[in-house]
Amino acid sequence: MAAAVAGGGEEGEELLLLSAVEAGSFGGGGDGGGAGAAAEKSWRLNFDGFRPPEVQQERRPPRGLHHHCLGVLSQGPEDVVAEYYQQQVEMLEGFNEMDTLTDRGFLPGMSKEEREKVARSETLAIRLSNIANMVLFAAKVYASVRSGSLAIIASTLDSLLDLLSGFILWFTAFSMQTPNPYRYPIGKKRMQPLGILVFASVMATLGLQIILESVRSLLSDGDEFSLTKEQEKWVVDIMLAVTLVKLALVLYCRTFTNEIVKAYAQDHFFDVITNMIGLVAALLATYIEGWIDPVGAIILAIYTIRTWSMTVLENVHSLVGQSASPEYLQKLTYLCWNHHKAVRHIDTVRAYTFGSHYFVEVDIVLPSSMPLQEAHDIGEALQEKLERLPEIERAFVHLDYEFTHRPEHALSHEK
């Protein structure tokens, strides 16, 4: 029996998988009353006896700036070995999670009451963010009028887009809460990345307009920018108050795992940065040189364009059907193989993004003599098991009796 997976893996992981197959195929013996139970589970992959040495686990390097910036070239032989064992530990933890799903039929998680409580908290975070954005936008409009600073105006326009983003994200959240199985058969979860994508595109476009206005100001021969003492007092007080409120919202929204609330947290964090840059640029332009103000506005605009361009790319990847990581495909393959002893072969395992969650396609081979009713029940149970995973929105299980055929679907991507 063999398994073919749509993805790759480490050579050591393949050897570990092969060892587990051998252990599962030949390790079904036992003594006494436990012999029957052991024989019943002997067809399953079993990694209980595979554990990396404790000394290797203790020596694993942290995955931080050192790992990502300097890369493999900066690692010695001991670091590479420790990293390898760390990958093995993570793989085994994933397999244990799949074993829990197989044995219990569900993954330990929050109860219905706990989920409702979290949903209410997320709604409160969104409402607080929208109310704060409206109040702070009005305050920054006043600061812009009092100062005339291009940098502060750029920061105020960013707050205007906060209101727009709040409306877009609220609309997507509301749309997902009102399902229509006839008009939207697979749900509306694509509304979430699509709303973020639209907002990010608007942010990047406005940043370009700010750059053009700042360049025009630098090239003009007008009077240099300067704040009076009264203007300076108002601007500093307003901008510092706005920054402190935004910082508190960052810390609050980052306690949630919901993608929309996390988008608000990111938005509030950007506001903290832009508010400080705008204030510093206005003060430096007053006390040093007037050209610092439009330069600060250009810096804010470039920062806005870069940040939201990265957000656009991230959400585009989630919408175009990017494959899951090889490690995740390994977990799914492990789950499929241990699902039922009648599974003779795993032809295909695919997982790809279709919004914020995965769609999964699995092809398994069952005996050709198996009755249709039994084969259907095995496939349906596997589908339900896959859809219990929190990362998966929908799973499709295809049943077959052989695996030497051509692909069933038209491979339009190969034309």
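These residue numbers are counts, starting from 1, taken along the chain as shown.
A Cβ is built for glycine as well, from the same backbone N, Cα and C atoms used for every other residue.
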Same-side flag (membrane), Val89 vs Leu218, source Swiss-Prot: no
Chain residues outside the transmembrane segment (193-213) and at least six past its termini with a C-beta under 8 angstroms from it: 150, 154, 157-158, 161, 164-165, 168-169, 171-172, 259, 263, 297-298, 300-302, 304-305, 307-309, 311-312, 315-316, 318-319, 355-356
Same-chain residue ranges lying at least 6 outside the transmembrane segment (294-313) that approach it to Cβ under 8 Å: 150-151, 153-155, 158, 196-197, 199-201, 203-204, 206-208, 210-211, 213-215, 217-218, 266, 270, 273-274, 277-278, 280-282, 284-285
Composition by DSSP (helix, strand, coil) of residues within the topological domain 'Vacuolar' (146-150): 3 helix, 0 strand, 2 coil
Tertiary contacts of the topological domain 'Cytoplasmic' (254-268) (same chain, 6+ residues out, Cβ under 8 Å): 118, 121-122, 125-126, 129, 162, 165-166, 169, 172-173, 192-193, 196, 246-247, 311, 356
Mean predicted confidence [pLDDT] for the topological domain 'Vacuolar' (214-232): 74
